[in-house]
Amino acid sequence: MDFLQSIILGIIQGITEFLPISSSAHLILMPILTGWDDQGVGFDLAVHVGTLLAVILYFRKDVSELFIDGLRSIAARQHVGQSRLGWAVVVGTIPACIAGILLLDYIDTALRAVGVIITTTVVFAVLLAAGDRFARGSRTLQDIGFKDAIIVGLAQAVALIPGTSRSGATITAGLFLGLNRESASKFSFFMAIPITAAAALVKLLTIASESIAVDWLGFLVGGIVSFLTAITAIHFFLKWLNAFGMWPYVIYRLVLAVVLYLLFF
């Protein structure tokens, strides 16, 4: 992988990971559109670590409170501070972990197809639009219970299908549960932390077990670029959220689906 390729793929991962437009779809499509070799599991690990560090740093105060209050709640045997929300994040992560363990091989083979990506891109554009237009309410992060977390977690499990978008699916689920835009989005960002860490761990174990060659410079560049672009994307996503809602991403998904259809069918 050359230097320019590492930069471009790092930018794509950083921008798309936390926007409801599907990072996996873009990373799968780039080699198809450009003729580049697949970036491989090592590069995937690097950019996942970059985006993971970005979301932890951006929400460092919230993450610290969730983690510390979660530990305090264990000692106190009751909810303390933000511990209820923290445990909701943990509970919400379980469905995607189970689905990943059971279905990852099938997802990485049978579902990594342009037709699948086009279908999920359109379907979840419509659902995102419906959630933003009709379903969002006034519930906040403090109103999220374990039932809500499981429902959002199931949406995150569905998002393992390429083209769906993890953030898009979880934000949509949050909106349909009556969360306001900011709360649905922030809960989605919080849930990204454990699932991204789990994905990075799986990729690391794969590299170790299969003795995959490591392009340290390319991985470092991709990781740094994905970190910088991800933290920028999070900032502007939240800044523009109330002004524009989800419609820019709905429109982008529909345009992307049309372009892909014209290119491949």
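Glycine residues also receive a Cβ, built from the backbone N, Cα and C atoms like all the rest.
From a predicted model like this one, the values you see are computed outputs, not experimental measurements.
Panel annotation: around the transmembrane segment (1-21), residues 27, 30, 36-37, 39-40, 43, 47-48, 50-51, 54-55, 124, 128, 165, 167-168, 171-172, 189, 192, 215, 217-219, 221-234, 237, 246, 249, 252-253, 256 of the same chain, lying at least six beyond its termini, place a Cβ under 8 Å from a Cβ of the stretch. The transmembrane segment feature in Swiss-Prot is assigned to 1-21 (among others); the stated evidence is sequence analysis.
A Cβ distance under 8 Å defines the sequence-distant neighbours of the transmembrane segment (39-59), meaning residues of its chain 6+ beyond its ends; these are 1, 5-6, 9-10, 13-14, 17-18, 27, 31, 186, 189-190, 192-193, 196-197, 199-200, 203-204, 206-207, 212-215, 218-220, 222-228, 230-231, 234-235. Residues or ranges marked as transmembrane segment by Swiss-Prot: 39-59 (among others).
Summarising the annotation, Swiss-Prot assigns transmembrane segment to 87-107 (among others) and lists sequence analysis as the type of evidence.
Remote same-chain residues near the transmembrane segment (110-130) are listed as 20, 22, 25, 28-29, 32, 161-165, 168-169, 171-172, 246-247, 249-250, 253-254, 256-257, 260-261, 264-265 (criterion: CB distance under 8 Å, separation of at least six residues from the stretch ends). Annotated transmembrane segment per Swiss-Prot: 110-130 (among others), in sequence order, evidence recorded as sequence analysis.
Per Swiss-Prot, transmembrane segment is recorded for 144-164 (among others), and the stated evidence type is sequence analysis. Proximity of distant same-chain residues to the transmembrane segment (144-164), defined by a Cβ-Cβ separation under 8 Å and at least 6 residues beyond the stretch ends, is recorded for 22, 24-25, 28, 84-85, 87-89, 91-96, 98-100, 103-104, 107, 111-113, 116-121, 124, 170, 172-174, 177, 179, 183, 187-188, 191, 195.
What Swiss-Prot records for 187-207 (among others) is transmembrane segment, and it gives sequence analysis as the kind of evidence. Using a Cβ-Cβ cut-off under 8 Å and counting only residues 6 or more beyond its ends in the same chain, the transmembrane segment (187-207) has close neighbours at 17-18, 41-42, 44-45, 48-49, 51-52, 55-56, 58-59, 62-63, 66, 85, 88-90, 92-93, 96-97, 100, 104, 141, 144, 152-153, 156, 166-167, 170-171, 174, 179, 214, 234.
The transmembrane segment annotation in Swiss-Prot covers 217-237 (among others).
Within its own chain, the transmembrane segment (244-264) is flanked in space by residues 19-22, 29, 33, 114, 117-118, 121-122, 124-125, 128-129, 131-132, 168, 171, 181, which lie at least six positions past its ends and keep a Cβ under 8 Å from the stretch. Taken from Swiss-Prot, the feature transmembrane segment covers 244-264 (among others), and the record attributes it to sequence analysis.
Long-range contacts of the transmembrane segment (217-237) within the same chain: residues 1-3, 5-7, 9-11, 13-15, 17-19, 42-43, 45-47, 49-51, 53-55, 57-58, 185, 189, each at least 6 residues beyond the stretch ends and with a Cβ under 8 Å from a Cβ of the stretch.
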